[in-house]
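Read through the structure below, which is laid out as structure tokens, and then see the notes.
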Amino acid sequence: MSDRLTLLRPDDWHIHLRDGAVLPNTVADVARTFGRAIIMPNLVPPVRNAAEADAYRQRILAARPAGSRFEPLMVLYLTDRTQPEEIRAAKACGFVHAAKLYPAGATTNSDSGVTSIDKIFPVLEAMAEVGLPLLIHGEVTRGDVDVFDREKIFIDEHMRRVVERFPSLKVVFEHITTAEAVQFVKEASANVGATITAHHLLYNRNHMLVGGIRPHFYCLPILKRNTHQEALLDAATSGNAKFFLGTDSAPHAQHAKEAACGCAGCYSAYAAIELYAEAFEQRNALDQLEAFASLNGPRFYGLPANTDSITLVREEWTAPASLPFGELTVIPLRAGEKLRWRLLEDHS
């Protein structure tokens, strides 16, 4: 087994960078590894149109480390009030690459999200016409639905209907967490893809709940039972081009996670590709990592793959116990624990 792994530079097709004073920290972490990233728009207020996307993009570019060529790929936040004209303008601007459907109340800063998918059908028609992909947080939010069943029920009630109604619309089922989602994506047309996070490949709900509640494993969609984790590992390592890397790295300050009502999100960007390598190594599938991390996403979005490369070496190191987050701190995934792979710096 090789102790060195070289890949075309990967991209992250789902990340939260937040805004303001924390951007120099979050942008540096993603730019260390990834050439591009799909930037989630759930700020306060959200990124609703091309002008707001451009302003956020400029703040991200200004926060890049010196010499970085990292490219943020911007996303619009869909609301009940989004207009088809805003979709056409976003597509025409060249730097908006998708629009995001958050069911209202599904996750962090989603209160402005869509209350009924039927309300945005004219917007989805415009997206299909101009070729702007739809990114979906696939969970229902009704109070009578068990949190572990939100994704499965969303598929049955909404996802099937959307892809059948708009067959030419490219749809990314984001951060999938269940065997049902894997099966849905496999059976859908080539216009449907899915991102998978490192934490859903490496962990299941036992890691979060057995022996005490571990808030830094709490995310949405929530970690599921190990049978779903196995289905995700099967999909990610299968070579199926419909599945690609999306960290859903979502930082919250330490005090906001370690609280009586803690926030949802895992911060993995600081060592994302190293964590994915561990997951793929568990399946003896390191030969499939480049396709998942570097090729499948660009192909789905109609973009060229990166031409430079990164190299990982099999070398144990200890993850930091905390990281700077503006004037505060964030506790990263795997804080204080050993990682088995290390990224060689400045290999391009």
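Backbone N, Cα and C atoms are what each Cβ position is placed from, and that goes for glycine too.
Taken straight from Swiss-Prot:
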BINDING   HIS14, HIS16, LYS100, ASP248  Zn(2+) 1 binding site
BINDING   HIS16, LEU17, ARG18, ASN42, HIS137, LEU220, HIS252, ALA264  substrate binding site
MOD_RES   LYS100  N6-carboxylysine
BINDING   LYS100, HIS137, HIS175  Zn(2+) 2 binding site
ACT_SITE  ASP248  active site
By CA-CA distance, flag whichever of ASN42, HIS137, HIS175, LEU220, HIS252 among the binding-site residues is nearest to HIS14 (Zn(2+) 1 binding site).
HIS175
In terms of Cα spacing, which of the binding-site residues HIS16, LYS100, HIS175 are within 10 angstroms of LEU220 (substrate binding site)?
HIS175
Starting from HIS175 (Zn(2+) 2 binding site), work out which of the binding-site residues listed here (LYS100, HIS137, ASP248) have their Cα within 10 Å, and give them in sequence order.
HIS137, ASP248
Least buried of the binding-site residues ARG18, LYS100, HIS175, HIS252, going by other Cβ atoms within 10 Å?
ARG18
Tell me whether LEU220 (substrate binding site) sits in a helix, a strand or coil according to DSSP.
coil
Want to know which binding-site residues, from ASN42, HIS137, ALA264, are within 10 Å of HIS16 (Zn(2+) 1 binding site) at Cα; which are they?
ASN42
Enumerate the residues of the same chain, HIS14, HIS16, LYS100, ASP248 excluded, that satisfy the criterion Cβ within 8 A of the mean position of the Cβ atoms of the recorded Zn(2+) 1 site; list them in sequence order.
ILE15, ILE38, MET40, ASN42, LEU135, GLU174, HIS175, GLY246, ALA250
LEU17, LEU220, ALA264: which of these binding-site residues has the highest Cβ count within 10 Å of its own Cβ?
LEU17
How many neighbouring Cβ atoms, not counting its own, are there within 10 Å of the Cβ of HIS14 (Zn(2+) 1 binding site)?
27
